[in-house]
Amino acid sequence: MFPGARILATLTLALHLLHGTHAAIGPTGDMYIVNEDVSPDGFTRSAVVARSDPTTNGTSETLTGVLVQGNKGDNFQLNVLNQLSDTTMLKTTSIHWHGFFQSGSTWADGPAFVNQCPIASGNSFLYDFNVPDQAGTFWYHSHLSTQYCDGLRGPFIVYDPSDPHLSLYDVDNADTIITLEDWYHVVAPQNAVLPTADSTLINGKGRFAGGPTSALAVINVESNKRYRFRLISMSCDPNFTFSIDGHSLQVIEADAVNIVPIVVDSIQIFAGQRYSFVLNANQTVDNYWIRADPNLGSTGFDGGINSAILRYAGATEDDPTTTSSTSTPLEETNLVPLENPGAPGPAVPGGADININLAMAFDVTNFELTINGSPFKAPTAPVLLQILSGATTAASLLPSGSIYSLEANKVVEISIPALAVGGPHPFHLHGHTFDVIRSAGSTTYNFDTPARRDVVNTGTDANDNVTIRFVTDNPGPWFLHCHIDWHLEIGLAVVFAEDVTSITAPPAAWDDLCPIYDALSDSDKGGIA
């Protein structure tokens, strides 16, 4: 980046920090992983949270982790310090920076037992990676078992001073981030195998059915300003139907990919997905309900559940009395990439260099979810360590049946027929975005202007056969998994071992993670009832 552009980028980030009210770190900084008593919905419990400060003062009324932010072109150096002590939850950890390609830094991607061993309590690990050509809305979360369901998740924004949509909005800062989370009153290691959330949190706050009238998140706007809201589903399970009473949403980004603007009034968002939309605050000064209705658990909005408040400057500090009326939902097939649209390879189904069908199934006997007959079971040695130790083929890599070798510079087509059990399943591919040449609910293949993203809903209908394409231009072991964390825990994942002979060596500190972790006792690892 030339000096003038670097100065502009620094000023841009400074303005975002100045106008935002939330604590933030980035592109360098310390992230403390701590246990903290939280009461985001009026129920108090211990949680695993990410903070910019290791000290805790009483019970926190919000859950969402520290915001990480920077600019396109930045080098991120995020030092994760594990200070976990509560043995009822996992005490080790690893962090995945969701949506980043990690080109040349697959060791920093974060999934435990795929790209690294977990970080032991009392230890730290520096995630050092470059973001040369990505900008948009990302997030981070634990990628160890179901730990992020206990709270370890937060937003990650990369701003682009040359954003092609810059003329469409006036405000884009920390206060225009909207996070959606499902929250559980029982810690994950002691919860049911497939639990139902107790509440929905919007920006870390919410209410549960039958619970107290706890404070809801309030998002403040001024009349006649245009706001870029960044909507992030940090869900462990449910998808949400999101809307804001009385307002249309001009969608301009999906999963950190700029799109041709499209106006809707509701968005169905699945675990791991992100959207940016522009809201024009051109309605009567008042309070308006923000709604995020989950597909599971306590649905609806009685008593303010699944809700937050959009408040115009000058409005009273009361709950809204508005009603919902939506008729134009977002359709994935209408998401057209702004830059370089079009899927790689011949415009015919099955015409890629490598074509793989991934058939999901539910093994009732073993209570496992499988892909092509195999449940993913975390190996004792991370897949990356196995590769660096000389294992380079699917046959020699563990877990057996869950590794797929991919040659360099090939067009890959993945088809994922729907599984109704536990569906719809949102699948996330690490290390890449992909083109969705066939979406859920559609029988049409679109090679010219397919949606481009990194999490795709695979549908529930027997006729659904979601199909994606990408190019193997990024060496590494890359996870492909259901982003319903409870489903990943019982096997719904595979690993693509991509161009393994070109993988670069990790730093020395990475080499120390496994010996330290392997020496831990069960008590040191946590998750004990």
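A Cβ is built for glycine as well, from the same backbone N, Cα and C atoms used for every other residue.
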Per Swiss-Prot, member of His430, His432 binding Cu cation 3 alongside His143, His481 | His430
Which single residue out of His425, His428 does Swiss-Prot record at the Cu cation 4 site shared with Cys482, His487?
-> His425
Which candidate, Cys236, Cys514, does Swiss-Prot give as the disulfide partner of Cys149?
-> Cys236
The Cu cation 2 site in Swiss-Prot includes His141, His483. Which of His98, His185 is also listed there?
-> His98
Cβ-Cβ neighbours of His141 (Cu cation 2 binding site) (radius 10 Å) = 26
Note on Cu cation 4: the CB centroid of His425, Cys482, His487 has further same-chain residues inside 8 Å, namely Met360, Leu369, Gly422, Gly423, Pro426, Phe427, His481, His483, Ile484, Leu488, Leu492
Ten-angstrom check, please: count other Cβ atoms within 10 Å of the Cβ of Cys482 (Cu cation 4 binding site), all chains counted.
-> 30
Looking at the binding-site residues His428, His430, His481, His487, which sits with the largest number of other Cβ atoms within 10 Å of its Cβ?
-> His430
For the Cu cation 3 site built from His143, His430, His481, further residues of that chain with CB within 8 A of the site's CB center = His96, Asp109, Gly110, Pro111, Val114, His428, Phe479, Leu480, Leu488, Ala493
Report, in whole Å, the straight Cα-to-Cα distance of His483 (Cu cation 2 binding site) from Cys236 (disulfide bond).
-> 7
Look at each of the disulfide-bonded residues, Cys149, Cys236, and point out the one with the fewest other Cβ atoms around it within 10 Å.
-> Cys236
List which of the recorded positions His141, His143, Cys149, Cys482, His483 have their Cα within 10 Å of the Cα of His96 (Cu cation 1 binding site), in sequence order.
-> His141, His143
